Structure formats: structure tokens, C-alpha cells
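Notes follow the structure.
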Amino acid sequence: MQKISVLLFLAWVCFLFYAGIALFTSGFLLTRLELTNHSSCQEPPGPGSLPWGSQGKPGACWMASRFSRLVLVLIDALRFDFAQPQPSHSPGEPPVSLPFLGKLNCLQRILEIQPHHARLYQSKADPPTTTMQRLKALTTGSLPTFIDAGSNFASHAIVEDNLIKQLASAGRRVVFMGDDTWKDLFPGAFSQAFFFPSFNVRDLHTVDNGILEHLYPTMDSGEWDMLIAHFLGVDHCGHKYGPHHPEMAKKLSQMDQVIQGLVERLENDTLLVVIGDHGMTMTGDHGGDSELEISAALFLYSPKALFPGAPPEEPEIVPQISLVPTLALLLGLPIPFGNIGEVMAELFSEVEDSQSHSSALAQASALHLNAQQVSRFLHTYSAAAQDLQVKELHRLQTLFNKASADYQRLLQRPQGPEAALQTVITELQQFLRGVRAMCIQSWARFSLGRMAGGAALMAAACFLCLLVSQWATSPGFCFRPLLTLMACGLAGTIVCAGLLTTTGLKLDPVVLGAMAAAGSLLPFLWKAWAGWGSRRPLVALLPIPGPVLLFLLIRFAAFFSDSFVVAEARATPFLLGSLILLLIAQLHWEGKLLPPKLLTIPRLCFSASTGPPRHNGTHALGLGVGLLLCIRLAGLFHRCPEETPACHSSPWLSPLASMVGGRAKNLWYGACVGALVALLAAVRLWLRRYSNLKSPEPSVLFVRWGLPLMALGTAAYWALASGADEAPPRLRALVAGASVVLPRAVAGLAASGLMLLLWRPVTVLVKATTGAPRTRTVLTPFSGPPTSRADLDYVVPQIYRHMQEEFRGRLERTKSQGPLTVAACHLGSVYSAAMVTALTLLAFPLLLLHAERISLVFLLLFLQSFLLLHLLAAGIPITTPGPFTVPWQAVSAWALMATQTFYSMGHQPVFPAIHWHAAFVGFPEGHGSSTWLPALLVGANTFASHLLFADSGLCLGSLHPPQASHGLEGVCPQVHF
């Protein structure tokens, strides 16, 4: 019955945490309302006749079309400086030599030869800069919210009005080729499509070569009205090598040839648009809001004159969503209903008409149509949702009414003063830009109430666990009263929710779950405050030492500081080092660094060795210095956050395949394999030191032979991954096959080893002999778990009692031969050996998900864990009275080490720092329609340090003083039947 109560209590705690997390994320990861309304030619965006310039033209929709065809070339991650024309360097100055500069020569050549036919813009993308969100913005003209980034690799069909849907409704033929993300966003919308898998960021050529196979034949056939080609090679090259690798120069040169070939095939009624959906960081990643990530190139070209003047010296900066209303009006389509972008007015000038007044009037007409459409959207959206600022909305509506009235007066006098026309254009632009700014601010606001409520609920759950962990050590403690209080509170909450539902009030499921969690927790907190709190001071329930509590409070309070969050990667090692120094000083002040007295354990019928103690003050100080050195070395592996442009990330975080130069690559490969061998050797030496490799158990046999095979497979996979591009053509198929088999084999071996360890976790050596004289048993009667450190010497006999039961059958068979003697050697490491083995088995598949040079970080992780455990054990005497608890210093240091290693593995808590390549380790061809497996692999890569420290954290529960372990060394307790 007690076990059931404990399980129910743990389920309750899990429910509290999940409810708090759900409430917090519902306030942090906001979503906006997506309207399903659609624009149409039959419903103009506002009152009034057709715009100036469209009247009397047959087939005119909102505005007469200027182009009947469109070629949209989307080069994923085409950063602006990749396409920016390079000025000629002055004599005597060395030219800037970067692989990505000056490779799109055809753009610069067209801008110089045909300045009235082409323009280059700097397009600003709205974060998050992930592909799915950018495609959504480029077709709907809307803004993504933060929650949309989570859907980048599980895309769903766009329900909002968009350009593709408008083209299909108008009977236009849309042909697509490239990234298969479009297949999920626009199912059934294309008259012809050639989709290619896009998720494998290590594949630079499959998508691009597939497009080139169909691009020019499709274009020459003429059976299309809009042709979309989405190239991925530049983006994948950035992810795999970074923008400064020679492979980037090759990819950009290939794109230059593609653009040149398209320009040669264009007809006068066709518009060419070359655009990047986002940029990339210096390391080739994207997803955040840094300047390099949101800066993309936008190039427009038409065989006929498109612009009235020459291009400016510095390209104009335009929001990326401005392309949506611009293309819609240029193609004679309605602007998508939810668009909030501003038309690029320059494209609506009257090139043939030399009068500037006519061009200005045409621009005003396009802007007014755009403003009418945005005003209609605001009216519809504000009636359905309440997340827009009311005052700002009213101000913008007033501005639009004034600008619209001024525009209507100008239409009555087309030859009015040009100054009034420019005033109307300025007012319309102010309205459109004001709407965009308001939407950005409104849709990026967090619900502070929900976030605070979720954090408070999780804090209360932690407080519950802390109190119960203290009460559970009291004699006669029972979980049943806690569960009764929980049931009463939960029932009351359900009744209140039912009453609210009868009133017709709509309850958010997340809020309802949080109410249930809080209701189940309140009676317990009240009882704790009124009952237990009156008999025991609250301070007594918080056994955290003052300095450690101060460290925890500083860390907790610092999370409310933006500056600390940015600098957490540097602050965490500082806090960890300070805590270690504090621990060493505390051991010195308490006199625990002095040579301890030798320990004898008479209940086990043996004494400790009379030799000198292994641990003294100098040794403990050496452990602390070694731990600080490991922390410093781990800090050499770091990735700079976007907010610190002066910082330079460690070059050792990139894979070996991105290195240029065979000698350096070979040296680093040798260092990585050396770290792997050192890690394996350290584990085997530790197990051999405590004689855990002498047992014939299956798990021990796996450690002997399985771990070396896993290390060999890991090293072979690194060799293939770092040199796959350099393999001879006749061996590439073999290399590709081995790249699939080796990671799966290592993962399979690790899973097999863990299963064997769960089946037979005991790795001690057990001997049985017959004919020995009968003596008394060494087992002292004992029942129940250890409640104090003085009871720890009963734990090993209890394990031995279990072994005694296992040999009872053999005893019956050997009675005629005499008494049976059972000897179990090195029971002192019976727990830690299984934990270290499990940690090593888990480390190998996690190591495969990282870059090769992160193996050095894994080695430091094991060293830090070893040194910290020995340092903590040096200050824990076995005679300490009171409950057996893990010191708070150990828990705090362990948590800080997990966070520090998280940053040392090249992670940052931002989207661009996610290692997407981990999803393809062992699956280079992708995962098909499956999303759970790549999510599992990427999640394991991201939280590898926390997984490893959580597993090795079980060793904290088996902390014992070094004297005690010394006394258990070499001892084989015997029992006779």
C-alpha cells in the first residue's frame, strides 16, 4: 500500500510541474489569430472606383497587371552581402578575399548595363528566421509569432489568404520545384511540382541538381504563369561548412550561372525575382534576429524598363513582406487579405511617361489600394481578437481616413499640385508602416500573468518536494494524509470549474489544468503553514547551508536580468568555481582536511588497513585545483551569443569536415580519437581498480568487449564523416552505406548494454566453495532502509543477503559434499560500478550526435564528475549523525556543471544554436514523414549534458567517505551455510 501511495504522490508532483510548464509556455510562446478571409476581384478593399491607370482596361482587378508571368528564384539563406556588388579596391590596397564575396557577378553586370531594368534591395526578414516562417511571410504578407518557429520541421497547410491561392483562383498555372516544405504548406495548389527532400542539411546538391534538371525545360515549354524554384545548396553549405568555406564560393558561382541562364530566357512580359528568405550567422546558422540573419538579398529584373531612374549608390532597405502586395498588384491579383506589408511604390512608376506627376499618381494609387486592404484587415481582426492596442489602432484609423479623403480629392483633380500628391503618399506610407510596427509590438508581447503563474506553480511544487523530503525521514511518516489533502483540493477545483462552465464561460484547457494543480496544492500548503509550521520553524525545513542558499538565490534572481541571460555562459563557470573554492574552504574550517582516524567496521568482521590514509588536506586541495583546471579548459569550447558581436566563438566547435587543410584535420582527428581512447581507458581502469571486471556477469562481459567495439565504430564514423567529400567516386557508395550502419551499430550496442545492465546490474565477483568448516554468519539482522550514515554499513550485508538467497538452490544440491561457502568481493562499488557503466554506455551515442572535437568536452565531463565526487566524499565522515541526505553543495555543483557543459558543447538557448545536423546521424537520407525520431535526436544532442549529469547524478546518492571505501577494498566477506 505504501508503494501505491508513493507512486500517486510522484504522479501528483509530475502533474504540478506539467501544469506549471504549460501555463508558463502559453504566456511565453504566443500565437496570433489566423483569419480565413480571402480577397477577391469582386470585392474591392474599400469604397471608390478603380485606381487611376486601371479605368477602362479589360480584365482589370484591383489594378491592371504589368506582367503576365513571374519567375521566383528563392535561394535559401542568400544573405545580402553575398549579392552586394563589390567596389573596385584602390591601388595599393589588398583586395578583401572572402569566399562569398563577388561570386554573383551577373547581378552586378546587369545593374551596370541595364540600370532601368533591375534593382537590388536589402530585404529585412522578421524573426524567427526559419524557412517555414519566411515562406509563410513571403506568400501571405503576415508576421510569424514565436510559437511558429516550433513548426519549422512539421509544417501545416497555410489557411490564410496567400499569393499561391490567389494565382490558383485566377486560373494561373503555378509550377514549383525544390524544397518539399512547399508541399505541406500548399497541398494541391501547383499545376506541376517537383519536390525534393530538404531536411538533410549535409546534402548540398540533391535539391539544386533536381531543380536544374527541370528548370530550363519547364521554362522553355511555356506551360506556366508562375515558376518557383527554391534552391537549398547555399543554406546547407552554411550549416555544414559555414559561409567562409571554399564550398560556399562554388555554390554561389553555381547560382550565378542559374540566374544568368534565366535572364537569357526571359520574355518582355515576365518578371524575375531572386530573393533570399533569410541570412545566416558567421557560423552558417539562422533562426534568430541578429543583423546577419535578418538581412537577405532581393533582386528584381525585367527585359523591359521597370524603373524611371538609375539605382541609388546604397541599395534601399525594404521589409521582406513588402514583396507580397507588390507582386499581387504587378500581376493583376488582389492583395492577400491578411497582408500588412507596404507596396514598393517605385515599381509602379510610369516609365514611358516622362512626367513625374503621372508616376507619383500611379504610386499613390497603389499605396491607397494597399492601405484600404490593410485597414479592412485591421477592422476584421480587431473584431475577432483583442490583442491589438486600442489607442494606437484608433490613431492609425484616423490617419488612414485623412489620407484616404485627401486621395479622393486628388482623383477629382488629377492635375493638382504635386506637393499635395507627395503629402498623400507620405500619409499612406506612415499609416502602413505604423500598422506593421503596431502588429510587431502586439504579436510579440508576452502574457506576464500566465508566465508568473506558471513560475509560481513550479516553485510551489519544488517547495512541496523539499518539505516532503524532510518529513519522509521522520518515523511513521505516511503519504496518505498528503494525498487526502490533494484529493480534497482537486475535487473543490473541479466543482468550481463545473459551476463556471454552466454560466457559459469558455475556459482555456491550460488555465483549467493550472487551476486544478493550484487547487490540489493549496490545502497542503495551508496545512503545512498552520500545522507543521507551528511545531517546527520554517528555517529547520530548509537545511540548505547559508552560503549555498546565497548562491542559489543569486542564480535564481539573475534569470530576471537580460544581461545575465546573455552572459550566462560566462557567469556559470564563475559561480561553479566559486562554489568549489567555498567547499574547499569549508572543509578546511571544519577540520575535515586533516588526516582522519582509521575506520574499523566490526559488524563486517574486518578492519581497515593499517596503512596511511589516502586522503588528506593536500590531496583534497589537489582535487579542487584539478576541478578548476577542467572548468577552465571546458571554457575554451564556447559559442558566442548574438548579442555580443565583439565575442568570437571557439573554432573547435565546427566539424572536421569544415576544415581546410589535410594536415590540421588529421591532427585534430588524432586528438579526438585520443580523447575517445582516454575516456574508455579511464572507465576500464576504474572498474578494474575495484575488481568489477572480474565478474562473469553478461554486463561485465559487455564492458570488456562491447565498449571497445563502440569506440572503434565511433572513430570509424568520424573518419568517414570528416572525409566523405574527398572519397574516390568508386568508394562513395561504400562510404555512404558505412555512414548509415556505423552510428546505428553503436546505438544498438549501447541499447543492448543498457538492457543487460538492467537485467543483471550486480557486477561484483561472487565465489562459492564447499567443504569449509561451519562458522557463524556475518549478517546482522536488519530491516528497512538506512536512515543514518551509521546504518550505511548494513547496506552491503543486505545486498549479500540477496546473493545468499540465490545460492540456496545450490546449497540443497551440495549438502552431501559439506557446507557451502559464498564469498562476494568488492561490494563497496556495487552501486557506483553499475552507474558508471550506464553513464559510459549512454555517452557513446550522445557523442556521435556532436561534432568530433566535442569528444574533448565529454572527457572533461567525466573528469569533472570524478573529481567533484571525490572532493565531496573527502568531507563526509561516516559517523555523522542524523538522516542520510545528499549534501546541498553536491546538488548545486552538479546542476552548475550540467549547465556549464551545455555551453561547452556549443549550445546557446536560441534557435540558431540548435544542432539540426544531429537529426541525420545514421539517417543521411532523412526520415520521410516521421518527425518524432529527428526531434528525439536533436533533443538528445541539445540536452546531452543534462542527460549525462542526471544519470551520473545517481552517484551522489552513493557518496561515501574515502576511508570507508578504503576499508572495503580487497575484502571478500564470506558466509557459510
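Quick reminder: no glycine exception, Cβ is built from N, Cα and C everywhere.
Copied over from TrEMBL:
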type: TRANSMEM; residues: 6-30; note: transmembrane segment
type: TRANSMEM; residues: 451-473; note: transmembrane segment
type: TRANSMEM; residues: 479-500; note: transmembrane segment
type: TRANSMEM; residues: 507-526; note: transmembrane segment
type: TRANSMEM; residues: 538-560; note: transmembrane segment
type: TRANSMEM; residues: 572-589; note: transmembrane segment
type: TRANSMEM; residues: 667-687; note: transmembrane segment
type: TRANSMEM; residues: 699-720; note: transmembrane segment
type: TRANSMEM; residues: 740-759; note: transmembrane segment
type: TRANSMEM; residues: 820-848; note: transmembrane segment
type: TRANSMEM; residues: 854-873; note: transmembrane segment
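Among residues of the same chain six or more beyond the transmembrane segment (740-759), those with a C-beta under 8 A of the stretch's C-beta atoms are 698-699, 702-703, 706-707, 709-710, 713-714, 716-717, 720, 834, 837-838, 841-842, 844-845, 848, 921-924. The highest tally of CB pairs under 8 A with the transmembrane segment (854-873), across 507-526, 572-589, 699-720, is held by 572-589.
The list of residues near the transmembrane segment (667-687) in space but at least 6 beyond its ends in sequence, with Cβ under 8 angstroms from a Cβ of it, reads 656, 659, 693, 703, 707-708, 711, 714-715, 718-719, 722, 763, 833, 836-837, 840, 843, 847, 852-853, 855-856, 858-859, 862-863, 866. Sequence-distant contacts of the transmembrane segment (572-589) (same chain, at least 6 residues past either end, Cβ-Cβ under 8 Å): 547-548, 551, 554-555, 617, 620-621, 624, 627-628, 631-632, 634-635, 868, 871-872, 874-875, 889, 892-893, 896-897, 899-900, 903.
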